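What TrEMBL says about this one:
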BINDING   Asp18, Asp20, Asp203  Mg(2+) binding site
ACT_SITE  Asp18  active site, nucleophile
ACT_SITE  Asp20  active site, proton donor
BINDING   Asp29, Asp104  substrate binding site
Amino acid sequence: MAAGADGDTAAAAVVVFDFDRTIIEWDSDDWVITKLGASDAFRRLHPTMRWNPLMDRMMAELHAQGRSADDIRDCLKSAPLDAHILSAITTASALGCDLRVVSDANAFFIETVLEHHGVLGCFSEISTNPARVDGDGRLRISPFHDPDSSPHGCSLCPENMCKGIIQMKRDMDNRNLAWSPGKIIERIQATANGKRHFIYIGDGRGDYCPSLKLGEGDYVMPKENYPLWNLISSNTQLLKAEVHPWNNGEELERTLLKLVNKLISPPAQASQFECKCDMSNPVSTEVGRNQALRVPH
């Protein structure tokens, strides 16, 4: 792939994808809870718990029922993924774009789905809620940002994750455990030094804040009739980026590739590039808190 690491200005564009109801049409939390039989426990506990602790508790419920991490993987693998979305990912990667995931799902779910469909290696980085399989074989899910220790202070975003403002990041290149200041959208923008255009694709309320961080020459692709689209439509003057809505996988692919080709100068063809969606060394799910995952190639 022509780009990936922070600071590499060879990319035609930085394409940032949300995950739930964007890369996938479905919601990954709902899919696992429903398919593996934890809906009753979810309905009982939902009114009393915040979302991230609730999802961790749901994984405990599944573990108590005898469901293993492999059962959860198989459940996620059984879910459909639109062929147009896969084509959009592989083609944008082949054209030299730097692809990222910024999502309020979790690392285990995202990596499982992308690896199963052969596109995990197309992404240079995944920023999401950490997940790991503990010594008892139970899947544990943690918040990207601990709302109790240091609230992020953004009123637009859920308390566990702001996709736009300062967060924390662990250096995955050297696998060291030293924490250093980092950002999500603003950090990615800073490493581009103003030399790359951004395309942000999402659907939810949490995608509004990062959309506001984009500037002229950037693009936002909101899913029509979902919260992001509704928020943008309520006051279009607040966004500097150009807005290109979509409804389904076919429209997402067509719109994304039209924008990518517009940004490529001189025009390039996908056949000129090798799409290195390398699955030989997928990123580990044994990850820590407040972490943007670097996907090795």
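Glycine is no exception: its Cβ is also placed from the backbone N, Cα and C atoms.
All features noted in TrEMBL, drawn onto the structure.
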residue: Asp18; record: Mg(2+) binding site; Cβ within 10 Å: 26
residue: Asp20; record: Mg(2+) binding site; Cβ within 10 Å: 21
residue: Asp29; record: substrate binding site; Cβ within 10 Å: 19
residue: Asp104; record: substrate binding site; Cβ within 10 Å: 24
residue: Asp203; record: Mg(2+) binding site; Cβ within 10 Å: 21
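Listed in chain order, the extra residues whose Cβ falls within 8 Å of the Cβ center of the Mg(2+) site residues Asp18, Asp20, Asp203 are Phe19, Arg21, Thr22, Ile23, Ser103, Gly202, Gly204, Asp207, Lys223, Tyr226. Cα separation, Asp104 (substrate binding site) to Asp18 (Mg(2+) binding site), rounded: 8 Å. Rounded to a whole value, the Cα-Cα separation of Asp29 (substrate binding site) and Asp20 (Mg(2+) binding site) is 9 Å.
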